[in-house]
Amino acid sequence: MPNLKSAKPAVFLDRDGVLNIEAGYIHNVEDLHLIPGVAEAVRRLNDRQIFCCLVSNQSGPARGYYPIDHVEALHRRLCQLLATEAGAKLDALYYCPYLSPPEGGTNREFTRWSSWRKPNTGMLVAAAWEHDLDLSQSFVVGDKATDVDMAHNAGCCGILVQTGFGESVLGGKYQHHTKPDYVATDLARAVDWILQQMGKLEVERSSKLEDEHHAKQPQSQNRASRYLDYYSG
Ligand SMILES: [Mg+2]
């Protein structure tokens, strides 16, 4: 269970349309390509020891398009590209291979309603428990309305990028209307904003600590001066 004192903020990243170029169901591993600038953006989070976590709906196995091993192979390539391009890494990867029958699930092994499927919060909650994360201080970056909805369902800040389906979501042509906390042209700009927000939080936290320190100060000074009065009187 996340420890209230030590739990840390995280940045949750959707996969298709955020990290790699949106290309529908990727049947050949070699067809997974990074969006320019994302490796460097993830590296900037790594450099600040900010927990980076993939959260992705991957319904290919449930639709019978490919086995689950193929999803794992795509993730190995993703991690390899991030490392090669900028020495960047994901601290954890979560994905939901399940799909309900009305949504198109056909492979019995993966066909079910799942609390892990976005916009449900299962992946975020699992990550928070396993890695001691504070969801209320965390960010989700996605290109779909369901990414933003998941963020809000879990009490995270939801950022919509304009890569992938992002632009279509904003134009009302894909999924449904959603209210992201911030709209970024791409992951690099999203990371700029996240670091800015985290910096603001840090300033607020340290000025609060300073205020608390000052609030205590007069009391102890008063006490000290009372003693001085006593001894000098
Ligand atoms: Mg996506």
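A Cβ is built for glycine as well, from the same backbone N, Cα and C atoms used for every other residue.
Caution: TrEMBL annotation is automatic and unverified by curators.
What TrEMBL records for the substrate site is Asp14, Arg15, Asp16, Glu22, Ala23, Gly24, Tyr25, Ser56, Asn57, Gln58, Ser59, Arg117, Lys118, and among Lys5, Lys8, Lys144 the residue it adds there is Lys144. Among the listed binding-site residues, namely Ala23, Cys96, the Cβ with the most fellow Cβ atoms inside 10 Å is that of Cys96. When the C-alpha distances from Arg117 (site 'Contributes to substrate recognition') to the recorded positions Asp14, Asp16, Ala23, Tyr25, Asp143 are tabulated, the minimum falls on Asp14.
Over all protein chains present, the Cβ of Lys144 (Mg(2+) binding site) has 27 other Cβ atoms lying within 10 Å. Each residue contributes its Cα atom, and for Lys144 (Mg(2+) binding site) and Ser59 (substrate binding site) those atoms are 15 Å apart.
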